[in-house]
Amino acid sequence: GGWGAITEVDSTLVERLGQRLLPWMDRLSPEQLNPSIYVGLRLSSLQAEAKEAHYLHSLKLSYQQSLLRPASSKDGSDSEAKPSMGQLALYLLALRANCEFVGGRKGDRLVSQLKRFLEDEKGAIGHNHQGHPRTSYYQYGLGILALCVHQKRVHDSVVGKLLYAVEHERHLLQDRVSVDTMAMAGMAFSCLELSNLNPNQRNRINLALRRVQEKILKAQTPEGYFGNVYSTPLALQLLMGSLRPTVELGTACLKAKAALQASLQHKTFQNPLMISQLLPVLNQKSYVDLISPDCQAPRALLEPATEILPQTQVPEFIDVTLKVSGISPSYRHSVSVPAGSSLEDVLKNAQEHGRFRYRTQASLSGPFLTSVLGKKAGEREFWQVLQAPDTPLQQERRDHRKPGFGQSGPSPSLEWDGWTAAYQLPLGL
């Protein structure tokens, strides 16, 4: 980064964070492989030696086989879901984290797939910018960033759609500031600025970066987070490497870093995707550093945690009310769950003991809520989860672990609503 606002972090805290990733590196099934884990570890101050190399090998095998196999329409046996283009972008970041450039016939085909995805999304946004990406501007920015760190140029018109979205905020953010989307767009712009891959857009990129930085700083909460705790690591990745350091920026980042350290003490970060975005920050690195990664930097060996099992305690049960509105008939039901249960524990309990029904879909962030009582989320619609009376849960959009329901626990309210955010709500495992 261009300044030293993120100072030394307690190495024990960093080690504990890394140790939470180790079990995930043993999960090598295609649906559980997560390139972000590898990227986060390589940009951190930690290393997992042979396990790390084996994980990258597994990623290469899985991604090349699934993304490059011909589409089969014979039967459903070969219908395992291919990685999304967002996952492909993360895979390309993983290759750069190992100081590799994507290349060869297979590599060129993967690059072509990602470029085609961006062209398709550009088409969905439309000439007049009245449309939306089929996925999200977050994935759009991530795709541009991944190609940029491999020195692969995308057309000015592709970059132009992201620039326009930042310049005309309502297209990017709908009705609320999405810090993680802004941060990802900013890192894409930072890479383009440093690489000078789109010189005709240089002035617009420069101005957009200033705008992104201002918007993220304005989104800082009184506690110090940018947006919320889970969007703060990506925001810090962008701000840390800013070529426009100011006193205000340095102060804001120190405040955010202090808030993150406090959250680490409380074991807030359990989700592997979130941990992998935080570890680079704690090593003063960002995805933009993948333009020229330092693969020889010394990293401390990560040993598995030796945790002392807590004494068995009789769990305390609490009552939680689950309410669904916006559909007919409406639903209201109370369930009894152990204190500290995740949101998905509550939903599972309601499904097992009543007429409540829900479905989820796997993602790198954990399961996402796609259907409640038969009502499915659509391309421009999603299920919003509110804490009574009408407060969106803080972990919406980013993390899959909900805070436990305490003594006077909140009553989650599932409300069917129109499309206002780029992501659906991830639930507890």
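Even glycines carry a Cβ here, placed using N, Cα and C.
Summarising the annotation, TrEMBL assigns cyanocob(III)alamin binding site to Thr135, Ser136, Tyr137, Tyr138, Gln139, Asp180, Asn228, Gln277, Leu393.
Shown in sequence order, Ile144, Leu145, Cys148, Val149, Val288, Ile291 are the residues of the chain, 6+ apart in sequence, with a C-beta less than 8 angstroms from the C-beta of Cys191 (disulfide bond). Residues annotated as disulfide bond in TrEMBL: Cys148-Cys191.
Annotation comment: TrEMBL describes 388-413 as region 'Disordered'.
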For Thr135 (cyanocob(III)alamin binding site): intrachain residues, at least 6 apart, with Cβ closer than 8 Å: Ser84, Met85, Gly86, Glu121
Number of other Cβ atoms within 10 Å of the Cβ of Asn228 (cyanocob(III)alamin binding site) across all protein chains: 20
Residue among the recorded positions Tyr137, Gln139, Cys148 whose Cβ has the most other Cβ atoms within 10 Å: Cys148
